[in-house]
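According to Swiss-Prot, the features are:
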- 1-21: signal peptide (SIGNAL)
- C24-C43: disulfide bond (DISULFID)
- C36-C61: disulfide bond (DISULFID)
- C65-C76: disulfide bond (DISULFID)
- C77-C82: disulfide bond (DISULFID)
Amino acid sequence: MKTLLLTLVVVTIVCLDLGYTRKCLNTPLPLIYTTCPIGQDKCVKMTIKKLPSKYDVIRGCIDICPKSSADVEVLCCDTNKCNK
């Protein structure tokens, strides 16, 4: 009986996937990340090209990945902390 109850609990947790949300980096440091709000299930890294200085990088969560342009390179991904 205990085995059946334990099996049901494990199956319930696996099926419900309790508390899962995407985690994305929001700084260049790999240990600092943010938990994305509901609906924002992609991580993004935007590189803004400024001359003559180097690139400014924006990282975080996003719902829809925008297209890259001549001034902004956009990289989107679908796994945790993938926007390095």
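All residue numbers here begin at 1 and follow the chain in the order shown.
Every residue, even glycine, has its Cβ placed from backbone N, Cα and C.
Since we're looking at a predicted model, the values are computed, not measured.
The structure, with features from Swiss-Prot marked on it.
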residue: C24; record: disulfide bond; Cβ within 10 Å: 25
residue: C36; record: disulfide bond; Cβ within 10 Å: 19
residue: C43; record: disulfide bond; Cβ within 10 Å: 28
residue: C61; record: disulfide bond; Cβ within 10 Å: 22
residue: C65; record: disulfide bond; Cβ within 10 Å: 14
residue: C76; record: disulfide bond; Cβ within 10 Å: 15
residue: C77; record: disulfide bond; Cβ within 10 Å: 16
residue: C82; record: disulfide bond; Cβ within 10 Å: 17
Which ones are near C65 (disulfide bond): of the disulfide-bonded residues C24, C36, C43, C77, C82, which have a Cα within 10 Å?
C43, C77
Between C76 (disulfide bond) and C61 (disulfide bond), the C-alpha gap once rounded to whole angstrom
9
Give me the CA-CA distance between C77 (disulfide bond) and C36 (disulfide bond), in Å, as a whole number.
13
